Amino acid sequence: APWLVPSQITTCCGYNPGTMCPSCMCTNTC
């Protein structure tokens, strides 16, 4: 189900940090 797929920011900063994008995206330091 689509709503079970984590958003990019959630995947970065939530369940799997750094998996989908740089960790700087979590702190707006990119």
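Residue positions begin at 1 at the first shown residue.
Cβ from N, Cα, C; glycine included.
The disulfide bond annotation in Swiss-Prot covers Cys12-Cys21, Cys13-Cys26, Cys24-Cys30, and the record cites experimental evidence as its basis. According to Swiss-Prot, the O-linked glycosylation site annotation covers Ser7. Look at Swiss-Prot and you will find Pro2, Pro17, Pro22 tagged as 4-hydroxyproline, backed by experimental evidence.
The structure, with features from Swiss-Prot marked on it.
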{"residue": "Cys13", "record": "disulfide bond", "Cβ within 10 Å": "17"}
{"residue": "Cys21", "record": "disulfide bond", "Cβ within 10 Å": "15"}
{"residue": "Pro22", "record": "4-hydroxyproline", "Cβ within 10 Å": "10"}
{"residue": "Cys24", "record": "disulfide bond", "Cβ within 10 Å": "11"}
{"residue": "Cys26", "record": "disulfide bond", "Cβ within 10 Å": "15"}
{"residue": "Cys30", "record": "disulfide bond", "Cβ within 10 Å": "9"}
Assigned element (helix, strand, coil) containing Cys30 (disulfide bond), judged by DSSP: coil
Between Cys24 (disulfide bond) and Cys13 (disulfide bond), the C-alpha gap once rounded to whole angstrom: 9
Cys21 (disulfide bond) and Cys13 (disulfide bond), Cα-Cα, nearest whole angstrom: 9
Cys30 (disulfide bond) and Cys21 (disulfide bond), distance between Cα atoms, whole Å: 10
Separation of alpha carbons, Pro22 (4-hydroxyproline) and Cys30 (disulfide bond) (Å): 8
